[in-house]
Structure formats: C-alpha cells, structure tokens
Amino acid sequence: MRYLLTNDDGIYARGLSALYSELSKDADCLIVAPEVERSAVGHAITLNRPLMVRRTKKDGNFLGYAVSGTPADCVKIGIKELSEKPVDLVVSGINIGANVGINVIYSGTVSAATEGAILGVPSMAISLGTLRNADYTFAAHFARTMARFIMKYFEKKSVALNINVPALPVQDIKGYAVTRQGKARLIESFDRRVDPRERLYYWLAGETQLSEQEEPDSDGSALSRGMISITPIYHDMTRYDALDGLKALLSKETSLLPVAKCDFQD
C-alpha cells in the first residue's frame, strides 16, 4: 500500500516527520513536499516556471522529494510522476496551527488533501491546534487510525477529510466530532515597520476568532471544546441554495448584455 505524504510547512518540518514515523508502520510512504515553507498559499499551482525536484536525505538516508512548488503541486507531481506505484492515500500535515472555518480556504495543508480527492485518491489533512511547543505524538497516532479507517471504507474514492486535533494531553481530549466547516476567520492586523533604508513594509498578523454565529457542530467550536474535529470537504464551491433565486432575479433584468437566455440545462 502506498501513501503519499506532503504538507505546507516544508519537507523538514517536524510534523511531517512525525506523520511519516507513524504511518510507515502500516504502508510504504513517499514524501513529496515543498522545499521551503509554503503556508497559506491555498490551492495555488505553478504555471509560470518549471517545478524543480530534488531527492533529499536525512541522517544519510533517503527522505523524499523536495519540490519548488506548492502543496497542490506536490500532490499532482507525486501522483503523476514521482510515485512508481499507484497512490492509495494522500495525507497532508501535520500542520502547526489549526485549519478551521474560513481559514481553510487559505490553507496549503487542506488544499493538498483537496487536490488528492480531485485526482481520485482518498485524502486527509491533519492539523494540530497550536502555534508553539507542538507535540505531534498523539496527532500522528490519530492520523494512523484515520488512515486505516479511510482505507477500510473509502478506498479508491474521491473523499477528503479535514482533521483538527486539539493541543492537549491525551487524557484531556474529549473525543471526536464529525463537523462542518464553520465561520471562524482570521481577524487581520498589520504590523507596520520601516527598514534601515526608510522603506515601509508590513507583516500580516492577527489571530483566528470564532464567529458569534458559530454553531456547535462546526469545526472551530468542536476544537475549542477540546474535541477532535473531522470535516468532510469538497472542491465544488457552488452555493446551490442560491441558484434558483439568482435565476429569478436575473430574469427580471432587461439591462444585461443582449444574449440569448439559457438556463444551462440539457
């Protein structure tokens, strides 16, 4: 069985190493990851330059392939070119910091899992809910458990799961919850600075905050209660409940471009 492992924190990230150590107990794992940190690049892919790929080593042994592109690039090239056998599962992580709510859109970690599902491979993204002093031990163990679960029920299916593990002692984790993506978002602030040559620059800062309208079945809410959140995600971004209303409103307008009416139905 072949697992493709990637992340957005870079090929030498501790979270990826912990993931490999645990998942390699069950499967032949191939690491294909960005050569440097590519956090918050979303689902970007590289079109304007070639992807450079190099074999990397750790302690004298082959570690994996470092790619000059994004996490989504890594999944594409890993599945299509670098794996000499079919990939059965894509696992992205372990990310340092939670990926919940609207911030999922920005996440390279989650986008890597989404890309795997687009390519027809079951996938999961796993993140740890802390930005400092991360202990990946339990998150890696849970990733192994979920990998077994996915291979049992979703083998060869285009499914993607976004998993967030609270950064708590194991005994304090209050179980898991199947959740939906919530409304938590980054509350932006900018750190304004001036360099030695008097040039102005900014660092994007801020922190993720739960929305006042956050429902108890959301990913961010579960994580805040000390639970593991497991969210099925999908790349179709259509808002289906708005289709009929939009059609009705547009049908009333006469000032739009003079094109033939079409309801896009067969």
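Here the Cβ of each residue, glycine as well, is placed from N, Cα and C on the backbone.
The annotation divalent metal cation binding site is assigned in Swiss-Prot to ASP8, ASP9, SER39, ASN95. Non-local neighbourhood of ASN95 (divalent metal cation binding site): ASN7, ASP8, ASP9, GLY15, SER107, THR109, ALA125, ILE126, SER127, LEU128, each in the same chain, at least six residues away, with C-beta under 8 Å from its C-beta. Under the DSSP three-state reduction, ASN95 (divalent metal cation binding site) is assigned to strand.
Listed in sequence order, the residues ASN7, GLY10, ALA13, GLY15, GLU37, ARG38, ALA40, PRO71, ILE96, GLY97, SER107, GLY108, THR109 complete the 8 Å Cβ shell around the divalent metal cation site centroid, once ASP8, ASP9, SER39, ASN95 themselves are left out. In this structure, ASP9 is the one among the binding-site residues ASP8, ASP9 with the smallest number of other Cβ atoms inside 10 Å of its Cβ. In sequence order, ASP8, ASP9, GLY108 are the residues of the chain that are 6 or more apart from SER39 (divalent metal cation binding site) and have a CB within less than 8 Å of its CB.
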